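Now, the feature entries from Swiss-Prot:
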SIGNAL    1-23  signal peptide
LIPID     24  N-palmitoyl cysteine
LIPID     24  S-diacylglycerol cysteine
TRANSMEM  231-251  transmembrane segment
DOMAIN    319-442  domain 'GGDEF'
BINDING   327, 371  Mg(2+) binding site
SITE      332  site 'Transition state stabilizer'
BINDING   335, 340, 344  substrate binding site
């Protein structure tokens with residue numbers, strides 16, 4: 001695995017871990033808050049029920065203080081008051097009842113009478129208290145409030161309704177669990193199993209006088225929590241994969257662009273990046289181009305220099321091609337007769353002619369110094385090369401006729417580059433010996 005792939009994999013893994021941890025952490029905190037909100041809903045529900053029960057008691061007390069009624073008159077007054085102010089159906093299932101030490105009277109006339117059951121269960125009939133009472137296979141929370149020294153009102157609320165009302169006030173109620181235990185046995189609420197619950201909170205609630213005594217258990221459904229966390233992890237993995245693939249694509253594009261720019265500069269194709277690139281600005285490219293020219297090009301003729309020649313000559317046996325060595329005939333006499341300025345013009349003219357004839361991908365022109373030149377030709381036949389070289393055998397600069405002597409050798413003729421260079425030099429000498437202004441290749 002390459003360093004790039006390892007880097008991208010590490011980044012993707014970090015993205016996955018970060019998203020999973022943060023998202024699951026936020027979701028976990030939300031679930032815990034919902035469990036605590038359910039606990040608060042139970043407290044608020046009980047408080048609301050107690051307040052309404054207290055209000056009903058105050059109605060009875062107002063009747064007593066205002067009219068000082070008999071028991072029959074009190075009962076009629078209560079029934080009239082409750083007829084004018086119907087109790088909320090979502091709160092009360094049964095009652096209220098007016099009880100004393102030895103008597104229980106049903107306030108509402110058209111309900112089933114549970115007085116006998118109430119008198120058997122409720123022991124403290126003249127002290128404000130709450131508790132549980134069961135009859136007809138149902139369990140109720142009762143709220144008992146004294147209205148006189150020997151009479152009290154008792155209100156009943158079905159535990160199932162109490163549980164539903166409490167959960168309806170909490171968010172995400174369908175996934176919350178609420179159970180009430182009395183003496184270790186479940187009284188109401190959801191069927192609680194520790195294996196199926198998570199973030200369980202339990203409290204006796206003894207410090208709330210308006211709540212029936214018991215163990216209140218609140219929790220969240222474990223399967224729902226795990227399912228949501230699994231979805232979060234899957235989403236995090238998907239984001240990590242997409243991010244990793246995108247990162248890998250971009251990194252590879254950047255690297256490939258860098259390779260293109262590097263090869264363009266190394267191979268002297270500065271025109272491809274002359275306007276700047278991803279890694280090199282236009283100013284950088286121009287500076288590199290200038291440095292390249294100084295190191296590899298002849299300042300006067302812009303032919304390749306000795307360093308480039310040595311490198312390309314080493315590669316010639318593998319590529320296969322021709323080495324040509326040549327110089328300008330009687331160049332010293334030209335300098336002495338017409339001066340160095342004309343001599344420079346002659347040298348530049350020779351290089352210009354060859355560059356115009358040799359395709360860039362087939363060969364290069366080199367200058368060693370003075371009037372000594374070379375051509376390495378790797379892209380064509382001997383006939384094509386001779387056709388090109390004939391352009392400089394005879395040429396003119398102004399009105400002056402000039403010529404060159406050339407020696408040509410093929411890489412297949414020698415086993416080493418040193419011997420190849422010697423063979424081309426021998427054929428150059430042969431051209432000079434035979435009268436100059438000619439090409440020798442045999």
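Placed from the backbone N, Cα and C atoms, the Cβ positions cover glycine too.
Recorded features from Swiss-Prot, shown on the structure.
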residue: 24; record: N-palmitoyl cysteine; DSSP (3 states): helix
residue: 327; record: Mg(2+) binding site; DSSP (3 states): strand
residue: 332; record: site 'Transition state stabilizer'; DSSP (3 states): helix
residue: 340; record: substrate binding site; DSSP (3 states): helix
residue: 371; record: Mg(2+) binding site; DSSP (3 states): coil
Positions on the same chain near the signal peptide (1-23), where near means CB under 8 A and six or more residues out: 232-233, 235-237, 239-241, 243-244, 247-248, 251-252, 255
Between the C-alpha atoms of residue 371 (Mg(2+) binding site) and residue 332 (site 'Transition state stabilizer'), the distance in angstrom, to the nearest integer, is 9
Determine, to the nearest whole angstrom, how far the Cα atom of residue 335 (substrate binding site) is from the Cα atom of residue 327 (Mg(2+) binding site). 14
Residues sitting near the transmembrane segment (231-251): Cβ under 8 Å, six or more positions beyond its termini, same chain? 4-5, 7-9, 11-13, 15-16, 19-20, 23-24, 27
Could you work out which of the binding-site residues (344, 371) has its C-beta surrounded by the smallest number of other C-beta atoms within 10 A? 344
For the recorded substrate site, whose residues are 335, 340, 344, find every other residue on that chain with a C-beta no more than 8 angstroms from the centre of their C-beta atoms, and list them by sequence position. 334, 338, 339, 341, 342, 343, 346, 347
Nonlocal neighbours by CB distance (under 8 Å) for residue 327 (Mg(2+) binding site), same chain, sequence gap 6 or more: 370, 371, 372, 373, 404, 405, 428
Using Cα coordinates, what distance in whole Å links residue 24 (N-palmitoyl cysteine) and residue 340 (substrate binding site)? 84
